[in-house]
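A.B. asks: Structure below; questions to follow.
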């Protein structure tokens, strides 16, 4: 036989050429065909001609004879998404289980319970010698779990208290973090110099690095604890704002000291570069966040025709700001916070109400799941072999964290109180110092330490875990009874009324004017300047014009315009002194409304007057608001009954000689036995069947309000006497249908020309005293009569003249 190579290829050209052409026609498989055909040449070995069955398409394996399996298991194919789904499901079920027993979350914070669940799972994983899931890496924490929590906190942060206390928050976050980092680091370095403790190999820079990461007040732990105790808004915004900005400062100091530890020699230029980097990282993150927030607002200006993607822009631009800042080694926390606060101001006015609800609840869901996973992963990662115990280092670390935190708060507050209008009390300072909870930030940072540079990394991990567990468990559990014992001012859950908001804005303008007159540039002055700049430039650029108004506002506007035109026609709007002769007073006529106009008015009122108002309540972090339709319906029912009682009471106390300018009667409700149009009658029957109406039919039939415009005070005396006799008071006693005793029933009301009934022009009211009514209520047979019912009738235009004429002596 000839050797493999040219001779063999010349011997059998037709099948190979046909196969090559066939595979090349098939597309990308041509390259694979050439590789398979040239493989024997490259190896220099003899081989038999390739059969079509031996050529394998890309992405498949060689043909093997096998049978079709009935059941297969391929866990590695879905391992990562399957485990992530199970972790999220476990975290959600754990939260449901905690809240089944209502007293448990009030005694023990939810974060403590989740850490305990994580410790239990970590012990199980460690016992079966399994590795931790891939989701527990520190990169996953900083890139996927932390951004939703910071986004939720920044988007729904109360902006006015934050900016009013911005100086104090920055004072605590920047100066306080430097105070704690340097104080803890230097103190631990002094402890390490004692040879008896065996810590002499830890340098000053390593202690400063550990002090910077252990001084990070975690916003996740602070939110989990302080939202349950409901402290006042100022105290909450100080602690939360400090924890939010404190993390950004901590990360900058951490990277700075970490770079110094990796350098062999540190020069003076490196120190100044580190200080400059401190400001560049913070300010750069804020600028990136504001810029992308403006872009998000400008984008949502053009989404009125496609509302579905509006919530998507909020999450995309906010997360883009975070990862962009991290890409340039800037502060991602500052970037996403600034972006969220900017979007909350402008994006909310461009998106629809449904999109806003979607944003709110989806953001709440993401933050809640991320927070739950963080605490569970902290418990799981605690159990392992990466620990080194040293009593001196661990105990002194915990003591120095508490001491330097308390000293920093009291010293810095004493300085900042000189510049505050409302100084912080001793109780507030104590709660701020007590609320310095450590959490996932320092836990993740200590795991990021390179083991080659830090040989005592396991000791740092152990000390950080002890500090985290002490602050979360001991301080977190005892802070609620401590707040109650000190009687710290709590938050007011009452929603601000419209009048209160108007008065607050009025006082803001007054204080701004006073500051302008005095030449003092306070926060009121700068807020007013920014508002003018915002109205003049930013809102015109970022907010869509011709914002749609709600139906109730449009209806109210139409009714007000119609009422103003009517008042102008009747002359009631004139309040300036008149120089016309008082004797020359003529009765003004009002154009009667056509039946079609009356039907239209009644239809508008019946459709829109008593609709339940839909309100968006204030944001609560983890608890969904209950359905308020029943409560709003009860509120409307109470207000309607109260207004009806007040109107009857006021009309009873009116002067009998009230003047009337016209004889036209306008009814708020229809007179008794008046037939409705078919459209309104069907709607009324449907509403009564559904139970929407809260007033009984009997009351609606007997209670008729006569709405007549008030006349001028200079009407002639004869006309006022004539109008004052339009009402009379008398009894109307109603007895049971079965008894034939009692007073005779009143005569039937005469029919009008239109076919409806006219109510008599008599106002029936009880005139007897309480004792006399009790005596008359007994009949001859001893059966008590039913109490008289108050019936109020209004006069009809057709019967007024005849009744007034019959009453004359």
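Just so you know, glycine gets a Cβ as well, placed from its N, Cα and C.
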A.B. asks: Would you mind telling me which of 209-229, 335-355, 482-502 Swiss-Prot tags as transmembrane segment?
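C.D. replies: So the range that Swiss-Prot calls transmembrane segment is 209-229.
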A.B. asks: Among 308-328, 518-538, 539-559, where does Swiss-Prot put the label transmembrane segment?
C.D. replies: 308-328
A.B. asks: Mind giving me a neighbour count for residue 350 (N-linked glycosylation site)? Other Cβ atoms within 10 Å of its Cβ, every protein chain shown.
C.D. replies: 24
A.B. asks: On the three-state reduction of DSSP, what should I expect for residue 350 (N-linked glycosylation site)?
C.D. replies: helix
A.B. asks: For the transmembrane segment (107-127), name the stretch out of 138-158, 169-189, 209-229, 308-328, 392-412 with the most CB-CB pairs under 8 Å.
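C.D. replies: It is 209-229, which has the most Cβ pairs under 8 Å.
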A.B. asks: With Cβ-Cβ distances below 8 Å as the criterion, list the same-chain residues six or more beyond the ends of the transmembrane segment (392-412) that contact it, or say none.
C.D. replies: 171-172, 175-176, 179-180, 183-184, 187-188, 191-192, 194, 197, 199, 210, 214-215, 429, 432-433, 436, 438, 459, 462-463, 466-467, 470-471
A.B. asks: Could you pull out which residues elsewhere in the chain have a CB under 8 Å from any CB of the transmembrane segment (308-328), counting only those six or more residues past its ends?
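C.D. replies: Tertiary neighbours of the transmembrane segment (308-328) are 142-143, 147, 150-151, 155, 284-285, 288-289, 292-293, 295-296, 299-300, 334-336, 338-340, 343, 347, 350-352, 355, 358-359, 362-363.
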A.B. asks: Under 8 Å, at least three CB pairs between the transmembrane segment (138-158) and the transmembrane segment (430-450) (pairs 6 or more apart)?
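C.D. replies: When sequence-distant Cβ pairs are counted, the transmembrane segment (430-450) touches the transmembrane segment (138-158), since at least 3 lie under 8 Å.
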A.B. asks: Taking contact to mean three or more C-beta pairs under 8 angstroms, with sequence separation of 6 or more, is the transmembrane segment (169-189) in contact with the transmembrane segment (237-257)?
C.D. replies: yes
A.B. asks: Below 8 Å between Cβ atoms, which of the listed ranges 237-257, 278-298, 361-381, 430-450 makes the most pairs with the transmembrane segment (209-229)?
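C.D. replies: Out of the listed stretches, 430-450 contacts the transmembrane segment (209-229) most.
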